[in-house]
Amino acid sequence: MSLKIKFLLLLVLYHHVDSASIVKFLPGFEGPLPFELETGYIGIGEDENVQFFYYFIKSENNPKEDPLLIWLNGGPGCSCLGGIIFENGPVGLKFEVFNGSAPSLFSTTYSWTKMANIIFLDQPVGSGFSYSKTPIDKTGDISEVKRTHEFLQKWLSRHPQYFSNPLYVVGDSYSGMIVPALVQEISQGNYICCEPPINLQGYMLGNPVTYMDFEQNFRIPYAYGMGLISDEIYEPMKRICNGNYYNVDPSNTQCLKLTEEYHKCTAKINIHHILTPDCDVTNVTSPDCYYYPYHLIECWANDESVREALHIEKGSKGKWARCNRTIPYNHDIVSSIPYHMNNSISGYRSLIYSGDHDIAVPFLATQAWIRSLNYSPIHNWRPWMINNQIAGYTRAYSNKMTFATIKGGGHTAEYRPNETFIMFQRWISGQPL
């Protein structure tokens, strides 16, 4: 066989392997997808036993020049497919009673892929369709930061056309512990090794877990401000508990009694959006439950035709779960505040936003740790508008950090996807909110 024929054969084989990860049709969606979707695995570690699964969706605008985002869901252990379907992707799930076939999908109007390329990553290992070839060892915040950095380096080496695109690391909820540390890791990696460097520009976080012990204490003043507890509960709590409402000293019996009263008042409040009907998110199989779509996404992702369409490795995964709560995990980053500070010193842009009806990570807590950074505000607290209506409030700081609230928003973008999209669109374009 001539050298030329061998080369052509290798070229055809390479093209076949590459095109095998391109997804043009999805069960439940009528016709070909109106966007470019690639799925695949990247091995992590020396032996590549950890296999991170990703969805890559090209920008619908100008993929060659638009920003590249890497999106991480929270949990830890929640699949990025939830981000695609419920928060900021180009397809969503129709609210229909499950009939045994793959649930139906529809095109969204609020996808961030309208002006950005996005890598949606299933991490840590064990979440979504990511898996390990060997039994999963206990992982944690720090090890996942390093693994995700390795993933990004390898992904870019396979997609070198995106090296020059501005990179932003984005996520929400528990990824508030991972994203700032990952930004620092990428930044330091650019100095230590690797040519060309990753074109890191900044990061974006929604209702981020940042310092859990600190943040939980703000649930009580938030509940009081929203009228969930009375003066008779709040004023003594403030005085007797000294601002420490969690991990209460067992000898402080008065504080313990008051916290019991608080829990009685809020036990049936949906912590992710206080105006949303409460139902058990671990049992969402009833169509009457607000979170019934969480059941539908599990039905969809566990459909064999869906797995074939997404090119899921056969035998790599049992039942897909929206959030895998069984992953052995060390919460070894206590606070991500120092990472925010270091990233600001390095000159990276950041947008921190809060749905103002979230009590899990109240906007009061996020404002408090931002204040602790002691950065000068560029402008005073002001409303930001959509169609001449207030969509939230914002303040920008001298360290390139912007804080914004989303009026009526909850713990994730799914509660106000259109407003979150417009906020993202303005910020990523360098416009004031």
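Glycine is treated like the rest: Cβ placed from N, Cα and C.
Swiss-Prot marks one residue of Asn374, Asn418 as N-linked glycosylation site, namely Asn418. The recorded disulfide partner of Cys289, taken from Swiss-Prot and restricted to Cys265, Cys279, is Cys279.
It is 5 Å from the Cα atom of His411 (active site) to that of Asp358 (active site).
Closest by Cα distance to Asn342 (N-linked glycosylation site), from the recorded positions Ser173, Cys279, Asn324, is Ser173.
Here the Cα atom of Cys279 (disulfide bond) is found 30 Å from that of Cys241 (disulfide bond). The shortest Cα-Cα distance from Asn418 (N-linked glycosylation site) to any of the recorded positions (Ser173, Cys323, Asn324) is found for Ser173. The candidate set comprises the disulfide-bonded residues Cys78, Cys241, Cys255, Cys279. Of these, Cys78 has the most other Cβ atoms within 10 Å.
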